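Chemist: Pulled the feature table from TrEMBL, pasting it below:
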type    : residues                    : note
BINDING : Cys45, Cys50, Cys56, Ser285 : [4Fe-4S] cluster 1 binding site
DOMAIN  : 57-274                      : domain 'Radical SAM core'
BINDING : Cys71, Cys75, Cys78         : [4Fe-4S] cluster 2 binding site
Amino acid sequence: MNEMSPLARPPRERKPDWLRVKAPTSAGFAATRELMRSKSLTTVCEEAACPNIGECWSKKHATVMILGDTCTRACAFCNVKTGMPRAVDKLEPQNVADAAAQMGLQHIVVTSVDRDDLPDGGASQFVKVIQALRATTPNTTIEILTPDFRNKAQAAVESIIEAGPDVYNHNLETVPRLYPTIRPGARYYASLRLLESVKRHDPRIFTKSGVMLGLGEERLEVHQVMDDMRSAEIDFLTMGQYLQPTPRHAKVLDFVTPAAFDAYAAIARAKGFLLVASSPLTRSSYHAGDDFARLRAARAEKLAR
Ligand code: SF4
C-alpha cells in the first residue's frame, strides 16, 4: 500500500478528529431520555456507549433494546453487560409501541441482547413487539436487529419473518478469521445463513448487515465478506469504525480514514448492494429512517429498469 492510497492508515496513538463528537446537551436529547425512562425501556444507544447518541436522541431517534439489559454472550467488542438475564417483561411489547406512538416515529429500530437461556432465543418477544407496533402505530416502519438464534429451531426465525418486519438486520460484525477472538459465541456462516433464510422466505423484507473496521481485518478479507453478503442477497451493508468501549474490550488496531471508508463503499456498490453506508461513525441504526427511504427508492428504481 503506497502513502497516497486512500486506504493508508494514520498512526493510532490518539483518537482522530473525525471521531470526535459533541457532548449531548439538547432539549430533544433530554426528552428522549425521559421517555425511555418513563416506559422502562433500555436502549442500545446507552448500553453500547454509542458515540452518536447526542445527534440521534436530539432527533428523537433511539434504538430500543428488548429482552433486558443483560446478555448471555460476552463478545470482545460489546459494552452490554453479561450474565444471567431477568425474566422476560410481558409489558415490554406494548411499552415499545406506546413509546413509538408518543414520539411519532416513522421508523423504529428494535434490537435485543442474546438470550441463549430462552428456548426460542427471544424470537417470540420480537414477534410480540412487531405485532404491538403494527396495532398501535401502523404507519411506523419496523427494522429489527436480531441475535443469530444459534442452536435454536429454524421455526423461531420463521416466526419473526412471518410477523413481517420491513427490514431484518443481523450484523456479521467482523471478518471470519477474527470470530474466535471477537465473536467467540457466534459462527460466521451461521450468521450468513440466517440472513439468507430471511430473504428466501420473504424477498420483500430488506436484509441488512454490518461490519466494524479497525479490529485487524485485512482489506481483501473485507472484500470477501462483501462477496459473501451478496451471495446471501443482503441488500444493505453498513461499515463503521470499531471503538473500544473500555480497556477490558478488544483493542482498536486501526483508525480507518474517512477516505478508506469511501473506497470500501465504492467497492461495495460495485458488488451490487442496493445501499451502502460507510463512514467512521456509521452504526447499524445510524440514520436508519432516512436509509430506509433510500432502500425503498433504490429497489423501486431497480425494478423499473
Ligand atoms: S447510531 Fe444507533 S445506537 Fe447509536 S445513538 Fe444512534 S440510534 Fe442509538
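Glycine is treated like the rest: Cβ placed from N, Cα and C.
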Chemist: As a check: which entries in Cys71, Cys75, Cys78, the binding-site residues, place their Cβ less than 6 Å from an atom of ligand 1?
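Modeler: Within range of ligand 1: none.
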Chemist: Around the [4Fe-4S] cluster 1 site (Cys45, Cys50, Cys56, Ser285), what further same-chain residues have their C-beta within 8 angstroms of the site's C-beta centre?
Modeler: Thr43, Val44, Ala48, Asn52, Ile53, Trp57, His61, Ala62, Thr63, Arg283, Tyr286
Chemist: Counting Cβ atoms within 10 Å across all protein chains shown, which of the binding-site residues Cys45, Cys56, Cys71, Cys78 comes out on top?
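Modeler: Going through Cys45, Cys56, Cys71, Cys78 one by one, the largest Cβ count within 10 Å is at Cys45.
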Chemist: Cβ within 8 Å of the [4Fe-4S] cluster 2 site centroid (Cys71, Cys75, Cys78 excluded): which residues?
Modeler: Arg73, Ala74, Phe77, Asn79, Val80, Thr82, Val113, Asp114
Chemist: If we check Cα distances from Cys45 ([4Fe-4S] cluster 1 binding site), which of the binding-site residues Cys71, Cys75, Cys78 wins as closest?
Modeler: Cys78
Chemist: Summarise the model's confidence over the domain 'Radical SAM core' (57-274) as a mean pLDDT value.
Modeler: 96
Chemist: Hey, how far is Cys75 ([4Fe-4S] cluster 2 binding site) from Cys50 ([4Fe-4S] cluster 1 binding site), Cα to Cα, in Å?
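Modeler: That separation, Cα to Cα, works out to 16 Å.
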Chemist: Where Cys50 ([4Fe-4S] cluster 1 binding site) and Cys71 ([4Fe-4S] cluster 2 binding site) are concerned, what is their Cα separation in Å, rounded?
Modeler: 17
